[in-house]
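What TrEMBL records for this protein:
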type	residues	note
REGION	A:1-22	region 'Disordered'
DOMAIN	A:24-214	domain 'Cytochrome b/b6 N-terminal region profile'
TRANSMEM	A:53-75	transmembrane segment
TRANSMEM	A:95-113	transmembrane segment
TRANSMEM	A:125-147	transmembrane segment
TRANSMEM	A:183-205	transmembrane segment
REGION	A:215-244	region 'Disordered'
Amino acid sequence: MSIRDRADLVQPGESTEPDEAAGWTAAVRRRLVRELPPDTMLPDTQPKYVASWIYVFGVLTLAAFLVVLGSGAVLAIQGPSWWHTSDIGHFFNSLHLWSVELFMAFMVIHLWGKFFMAAWRGRRALTWITGAVAFLGSIGTAFTGYLTQQNLDSQWIAVQSKDALNAVGIGAYFSPMNFGQMLMWHIVLLPAFVGILVVLHVLMVRRRGVVPPLPLRDRPAEAEPGTASEAGREAEAAETEEQP
Amino acid sequence: MSRRSRAAEPDPYSFGSRPYDLVKEFTIALVAVLALSIALAAVFSSPDKRPVTIATWAKADSADFTATALAELDGTSGTAQYGPPYNNASEGQKLGPVGLANLMGVTRPIDTAQDFVIRPLRSAAQTAIVSSAVARYTAASGAQQNTWTGNYSNALDKANGDPTKIAPGDYGPVPTMLTALLAQARAGSLDGQLLTESGVFYQTDYTLPLLFLADGSYLANLAGQDHLAGTQWGMMNETGNYPGQAWLWLYTFWYQISPYNNSTNGDALVWGTMAVLSLVFVFLPFIPGLRSIPRYIPVYRLIWREHYRDLRARGGT
């Protein structure tokens, strides 16, 4: 049963009571049900070819992101200076630091895995783009975190990075030496930006499904997003024909 | 992108399916990552080297503090000569013909003589000698000020930076002013004065004290001892033996090689390079040639080895 077939199971038009309500709310509801059907969002089966440890790193990245958010939230309760004077605070700072290190490590492995799968194939380019921008946004979030540590490291990073930011005009409105501004970016703007991208990324993965294997042929072909090359179509068609 | 080729994309579930519990997998991953993070935090902790204050700097290296204060007073410090966004002393860096810093303009005006020396001296309770020294300096012509500061700078060089060993000369009120500023700094009041110069009680902008610190060599020496200097792969490192921002390796890499490390526009060049690379990274799916690399590198055969094994077993390609 295909994803689309499965989605069709919950199409309003096929239910016993068609959703024909008028208004914006009903229209949004119909659109959400059509685009993001529950059994596609939370599947209890997955394609057979999803059988490698590399697939684990996507969910590990997501898990680490939640630990980062949770440990950061605990640090936020008593403010940015708390961890310098409290053993418990210092532990949560350590937890925040190491979960960030894990988050970035898992994300990089996930990224390389998706690159080698040419995972942008089959109208999945936007999935790649949201993931790539989330990675860049995560670097910015971590950078502002290092700036708000309130120690020698943050002092040095601030005075060093100002030159690069000033050189391209960004420093005129984004100053790494402005602790208050960096803290707001670190705990509000950038996490929201990355969080929204992560949610969109996951929804796109669920909606399009996991990218199918590359055709096992030695003939080079473009892995163009949204298309199947001639060689690719041949091979994929051959493979598809063999599926039940 | 044609409709025909889109339609040719195989449905993931047409390759067969197997049972999968997404929520269970995520829960296990969350518990595992949380446990691993707790273990790493408990075993390795995290670094927290105390920040430098103006007071610790003035106490630890009064010669460096005095030389820096003199450079702020006579307009020869790094900040005084910086350009946008702090002043118009220079044009700022350029990326090719484009001076982005100059285009953005001066958004955080800083007059180093006023902000780092004269205003802090005026805002503190001073002896009559210091007050009259400040008044005499500010009333003098620019040429006279330059003569005093130039003479004092030369004398400091000859005395190896030690103000107590300076030979008598025509320094005007400069030694009195800098001695008073050093005393304020050592007492700790200059830290607070630099933060509240804008006249507000609540303050979170550390631009002034950090620029003052950065103009001296004390902070840079401490950073060098902790392998944080630009030539030591700079800010991707962390104090002590911690991994730091390892993901900045490519950005930091450019600062280690020519022409980036010897260009007066090095920062702008690095940002330009990284901007291009970031765009390539984000829009990789649309770049012919690059998007085909995965087909030439057989990592995918490893990832989908079970699928290909099944396919061969059933007589497929």
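For all residues, glycine too, the Cβ spot is worked out from N, Cα and C.
Ranked by number of Cβ pairs under 8 Å to the transmembrane segment (A:95-113), the listed stretches A:53-75, A:125-147, A:183-205 are led by A:53-75. Beyond its flanks by at least six residues, the transmembrane segment (A:183-205) meets 36, 41, 58, 62, 65, 69, 72, 76, 80, 124, 126-127, 130-131, 133-134, 137-138, 140-141, 144-145, 147-148, 174 of its own chain at Cβ-Cβ distances under 8 Å. Only residues 6 or more beyond the boundaries of the transmembrane segment (A:53-75), in the same chain, are considered here, and those with a CB under 8 A from a CB of the stretch are 82-83, 89, 92-93, 95-96, 99-100, 102-103, 106-107, 109-110, 113, 187, 191, 194-195, 198, 202, 205, 210. Per-residue confidence over the domain 'Cytochrome b/b6 N-terminal region profile' (A:24-214) averages 96 (mean pLDDT, predicted model).
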